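Undergrad: Pasting the relevant annotations from Swiss-Prot:
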type     : residues                                        : note
ACT_SITE : C103                                            : active site, nucleophile
ACT_SITE : C199                                            : active site, cysteine persulfide intermediate
BINDING  : G8, M9, S10, G11, G12, V13, D14, S15, M34, G127 : ATP binding site
DISULFID : C103-C199                                       : disulfide bond
SITE     : H128                                            : site 'Interaction with tRNA'
SITE     : Q338                                            : site 'Interaction with tRNA'
Amino acid sequence: MKKKVLVGMSGGVDSSVAAYLLKEQGYEVIGVTMQIWQDDEEFIEKEGGCCSLSAVADARRVANKIGIPFYVMNFKDAFKRNVIDYFVDEYMEGRTPNPCIACNKFIKFSSFLDKAMAMGIDYVATGHYAIIEKHNDRYIIKKSEDDKKDQTYALYNLTQFQLERTLMPCGQYKKSKIREIAKEIGLRVHNKKDSEEICFIPDNDHGRYIKNRFPNKVREGNFVDKQGSILGTHKGIVYYTIGQRKGLGIAFGKPMYVVDINPFRNEVVLGDLEDLLNTELIAKDTNYIPFDTLKEPMEVEAKIRYSQTPSKAIITPIEDGRVRVNFHEKQRAITKGQSVVFYKDDLLIGGGIIEK
C-alpha cells in the first residue's frame, strides 16, 4: 500500500515541486495550504505573499496540474497564538523574534503534523532546502545541496519524533533545478519570486504593524548613550533592533548604532560599531539533533543569523539546559531573541535562543 503524505503548499515553486517529486517517488500525495491569515485588513493588503488568497489559488492550480487532491486547513488560532502573539511580545520586551522558526516549531511540524496523524497519514512534507537522513538509530539534518538556499538554520528545533515523519525532497536539488523541473512539467509558478518578508506583515514594517495593533502600548521614549545621557526621542522600542543604524530619525554627525534596548525604562541605547562586537553569548531553549543533550564542550561552527556564514566556536553546557557559546572571532550585533545555530561541516548539530 502506498504511504500517504500531506504536503504543505504555499503556492510557491518549492512546495509545488516537492509535491510533484513525492508523487513521482510513489507516495499518495495530498496538498494542503494552511490558512493562517487573520481576519483583518493586514492580510488583504498582503495579497501575493505566501499567506494570501492568491497563494491558495496558485497551490490549488498546481495540485490540479499534477493530479493530487487539495485542501485548505484552518490554523488561524494556532498561528495567532504561537507566532503573531509571540512576535509582538518579543518586540515589546526589547528582543528580536524569529517568526519563521516559531512557525516551523509550533505550526508546520507540530499542529500540521498532528492533523496528518489524526487523519492516518504517514508523513508531512515541505519545500524546505534541507536533507533528512537516518544514521544508525537516529535521524539527522544536513545542509541542502544549494548552499545559498539552505534552510537548516530554521529547523534546529525538530525532534526525532518529527523527523521520522517528515520529508523534504527539495534538499537534494539546487534552486535552479527546482525551477527547471517546475517549467518542464508546465507549472506557472516556475518563475514566481521567492517571498523573503515576514508573511503576516504587509510591508515588512514590523513597528507599524505592532503600533497599529497596540497603539497604547507603543510609546515614545529616549535614545540614550551608554552613560545614560539623553540623545533624542525614539518612536517606540518595537521599531528597533540591535545593530540598526538606519531609520533612527536623528543625525549625530557620525554613525550610531542600536547597541541595547531597555524595555523597563523604554530606552534605546546607542553606541559605536565597536560596542556591537562580542565573542560570547548564552542561549536557552536549546535542542540538539544528533544527540539528546550536550554533555561536554564541543567545537562547532555557529551562526547568529539566517544569512550568515558560520564561524568557529566552542559550545559549553551550563545550568538549566542552556549553553555558553564562545566564538573565536568577534561577532557583530549578537541579538537577544534571535537563534544561534550550530554545525559540524554540513551536519546540523542544534541551536537555541540568544538570551544574553
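Numbers run from 1 along the shown chain.
Note that Cβ sites are derived from N, Cα and C of the backbone, with glycine treated the same way.
Note that this is a predicted model, so its numbers are computed, not measured.
Walk me through the surroundings of each of these features.
TA: In three-state terms derived from DSSP, C103 (active site, nucleophile) belongs to a helical segment. Of all Cβ atoms in the protein chains displayed, 28 besides its own lie within 10 Å of the Cβ of C103 (active site, nucleophile).
Counting every protein chain shown, 21 other Cβ atoms lie within 10 Å of the Cβ of C199 (active site, cysteine persulfide intermediate).
Reduced to three states, the DSSP call for S10 (ATP binding site) is coil.
For H128 (site 'Interaction with tRNA'), other Cβ atoms within 10 Å of its Cβ number 27. H128 (site 'Interaction with tRNA') falls outside any helix or strand according to DSSP and counts as coil.
The C-beta environment of Q338 (site 'Interaction with tRNA'), restricted to residues of the same chain at least 6 apart in sequence and closer than 8 Å, consists of T96, P97, N98, I304, R305, I353, I354.
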Undergrad: Pop the Cα-Cα gap between H128 (site 'Interaction with tRNA') and D14 (ATP binding site) into the table, whole Å please.
TA: 7
Undergrad: CB neighbours of D14 (ATP binding site) within 10 A?
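TA: The answer is 26.
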Undergrad: About how far apart, in whole Å, are the alpha carbons (Cα) of M34 (ATP binding site) and C103 (active site, nucleophile)?
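TA: Cα of M34 (ATP binding site) to Cα of C103 (active site, nucleophile) measures 11 Å after rounding.
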